[in-house]
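Database features, via TrEMBL:
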SIGNAL    B:1-21  signal peptide
TRANSMEM  B:77-99  transmembrane segment
TRANSMEM  B:105-124  transmembrane segment
TRANSMEM  B:150-171  transmembrane segment
TRANSMEM  B:183-202  transmembrane segment
TRANSMEM  B:214-232  transmembrane segment
TRANSMEM  B:264-288  transmembrane segment
TRANSMEM  B:300-325  transmembrane segment
TRANSMEM  B:367-395  transmembrane segment
TRANSMEM  B:416-435  transmembrane segment
TRANSMEM  B:441-465  transmembrane segment
TRANSMEM  B:472-494  transmembrane segment
TRANSMEM  B:514-531  transmembrane segment
Amino acid sequence: MLVVYFGFILLVAYAPKFLGMPLGSGVMTIGIPIGLSVIVLAFVLTGIYVRQANSSYDVLVRKIVEENRP
Amino acid sequence: MKKVSWLLTLLLVGMPTFALAAGTIDGGSKQAINWSAIGMFVGFVLLTLVITYWAAKRTASAADFYSAGGGITGFQNGLAIAGDYMSAASFLGISGLVYTSGYDGLIYSVGWLVGWPIVTFLIAEQLRNLGKFTFADVTSFRLGQTDIRILAACGSLVTVAFYLIAQMVGAGKLIQLLFGLDYWIAVVLVGGLMMIYVTFGGMKATTWVQIIKAVLLLAGATFMAGAVLYKFGFSPEALFAKATEVHPKKIAIMEPGSLISNPLSAISLGLALMFGTAGLPHILMRFFTVKDAQAARKSVFYATGFIGYFYVLTFIIGFGAITLVSTDATFLDASILEKTKSGIAAIKGGSNMAAIHLANAVGGNLFLGFISAVAFATILAVVSGLALAGASSISHDLYGMVIKRGAANEQDEIRVSKIATLVLGVLAIFLGIVFENQNVAFMVGLAFAIAASCNFPVLVMSIFWKGLTTRGALIGGFLGLISAVVGVVLSPAVWEATLGYAKGSAPIKLDNPALFSMAIAFAGIWLFSILDRSKRAAIDRDGFDAQFVRSQTGIGAASATTH
């Protein structure tokens, strides 16, 4: 996530012209879909993490806790 | 309880007359009176007052007051967090930024949103497992109570103050536009209502006001973006084509650059938005309202979804405003239009009003009323959350833990936080008037810089770094806080625009100081912890293992209180 975000910010900082490149023949630039996909990606990655943590990770933690109960 | 109902009655009776009086003063000169808007304003205020009344009856203990008794579900909390995020500053400010600068508005949105996964991955569950009411509970878990509480309270209060200014400015501008009220009266009105919600309803009222508002705002923004796209046959290409045609910057609005002048400034702003998220006291506080770490994680997931969706909508709304508002003379100030020949610069009430005018353009007067009422509700809800965060930090951290050494009577603590709310309210009103002419989204950026350089470094180091000592956290945290404040004062936004020095004379060219102030904070924490050989330092380091176990497993965490 950090990589994606700083990649985006570095693009903004050092290559604004790249993000300003027109897509196809119209006025739509490549920066629009890139920017929007960063937003979508943030949501998807959060979802994956929460799923993982709530299903498998917490079960593992509970197991360890149970095993160490005196 | 008697006092509550008395105050409520007073307010219920007072509201409509107040609106009426405002109407008669300013008949036709500034803004025609919009009765549907006023009706919805009053309706929302009544609804929230009923909720406050309901919450006040159920708020007895400190746990109820600070964290709604831990009884909020993950989904509800996700909505409430999203509500905190979708502040008037981000709704009006970002759509305003898109309106003036196009693509640059999206950079702000992305920065704001991407802070989210960072919060989840790093701190949400640890926070829930270690904390009780404020994030200082977490940082002072194994460190010296007194010093760390003072540090956390300072960090919280400065952040809250800046954020409050932004909200107040938005509120003032909005009500000024809608009612034709003087700016300062509008600010006083918002401050007053906020004090009532927080003092009487505590966290429960604040959370429910936030949830209702989030739903209304999402619905309204969806309708607006839908209406804009409908006008262009659901083709974004057609929307962008029209926007580049009518905007004075032409094709330049489709690429970054016009707002952020140099790369360092862009990176610094990004850092502030991202890590600032993880240091905002009113957001951190929401993680104490759910029952366990699982619910805390889920709430971040829901919140990310809502916020992401919302920012996509604001982007469309901003472009919609370029095409529909800047080309329509009814929304423009004729004298400015004459001078600049630009519909963008001539917008009535400034760029922050872009979304409001657009509501009128696509949905007529009735919808304008709805969006205005929602925007007003937004400000009230966010401002209340902020005030509560600030007040808890004064009463729980400063009064309860520092002055009374943890032996404060619960009722006294609540009383102190109510007084603190009143003081904060007055302060917010005063500062809101001083900072009248700042772009509100930018002020929020400043609040984020401070959160990122003081609260976040101390919080993250205390959770993850065994070597952290009280002295290190204290010196590093204050260094971060001071450098962020100094950096903000010396930045172009404050130095030139607010203090009135000549353009280009600002000592620090960065719009946002996070880049160096965060580095100073982390370096300071590290250096002074390493050098710390005191007895206290040994205790701090030894406490880490116990803290780590609890943060990972939740054993011994504060549980939800049931009623």
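Each Cβ is built from the backbone N, Cα and C atoms, and glycine gets one as well.
Comparison of B:183-202, B:214-232, B:300-325 by number of C-beta pairs under 8 angstroms to the transmembrane segment (B:77-99) places B:300-325 first. The transmembrane segment (B:514-531) makes contact with the transmembrane segment (B:264-288), as judged by at least three Cβ pairs under 8 Å among residues 6 or more apart in sequence. Listed stretches B:183-202, B:264-288, B:441-465, B:472-494 were compared with the transmembrane segment (B:416-435); the greatest number of C-beta pairs under 8 angstroms is found for B:183-202. The transmembrane segment (B:300-325) and the transmembrane segment (B:472-494) are not in contact, since fewer than 3 Cβ pairs between them lie under 8 Å (pairs 6 or more apart in sequence).
Most Cβ pairs within less than 8 Å of the transmembrane segment (B:441-465), among stretches B:183-202, B:214-232, B:264-288, B:472-494, belong to B:264-288.
Long-range contacts of the transmembrane segment (B:472-494) within the same chain, counting only residues at least 6 positions beyond its ends with a Cβ under 8 Å from a Cβ of the stretch, are 139, 143, 147-148, 151, 154-155, 158, 162, 438, 442, 446, 449-450, 452-454, 457-458, 461-462, 506-514, 516-518, 520-530, 532.
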